[in-house]
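According to Swiss-Prot, the protein carries these features:
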- 3-201: domain 'DPCK' (DOMAIN)
- ALA11, CYS12, GLY13, LYS14, SER15, THR16: ATP binding site (BINDING)
Amino acid sequence: MKWIGLTGGIACGKSTVSRMLRTHDIPVVDADEIAKEVVKPGSAGLKSVIQEFGPEFLTADGALDRRKLGQKVFGHPELLHKLEAITHPLIREETRRRRRLYEDMGHKLAIYDIPLLFETRAKDQFDGVIVVACTKEQQKERLRRQNWSEDEIEMRIASQIPIQFKEQQADFVLHNNRDEQHLLREVDRVLKWLEELKNQN
């Protein structure tokens, strides 16, 4: 089974593209979804995170306050490393399980929706990489609409590898810098490319 990475800069529209691909019966494994699952209430992952960082990162209903924890660790490499040392092995294990499941079902191709594909040096694990790209100003505007502060926006964008580098490293670049009709046409281009990949030995 071909294993395709889907990534992009924050707020470039990767999740929207991921949803569109699902509607075409392409199996998608979502790294963010798995990252939430491995620290859900009652999980061993959540217990380990709280032991490391403290109970102030729990919400009133016992869930992990991901935004509060994110604000603490971003910009502090040693804290981010501690968090990733807990969560990354759990995420990898669950990812492998889902990938095997799709393979056992007979799929020829599956997508792994992973925001930090290049940051985690994972490119070599894939048979192809799709990058969803937009301009920096569009990233900022979309994050403002989600009520992010200017400091949060600057810090998060700065923590990621520049989108231009990701575009250079990609096997396929999908531009999400115009309207929805343009995005639909871009997704059609991706679907054709995936079909070609699927039929390669």
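Counting begins at 1 with the first residue displayed.
Cβ from N, Cα, C; glycine included.
Since this is a predicted model, take the numbers as computed values, not measurements.
Taking the centroid of the Cβ atoms of ALA11, CYS12, GLY13, LYS14, SER15, THR16 as the ATP site, the other same-chain residues with Cβ within 8 Å of it are GLY8, VAL17, VAL132, CYS134, ASN176. Cβ-based crowding with a 10 Å cutoff singles out LYS14 as the top-ranked of the binding-site residues LYS14, SER15. According to its DSSP assignment, THR16 (ATP binding site) is helical. Fewest Cβ neighbours within 10 Å among the binding-site residues ALA11, CYS12: that distinction goes to ALA11.
The Cβ of THR16 has fewer other Cβ atoms within 10 Å than any other of the binding-site residues GLY13, THR16.
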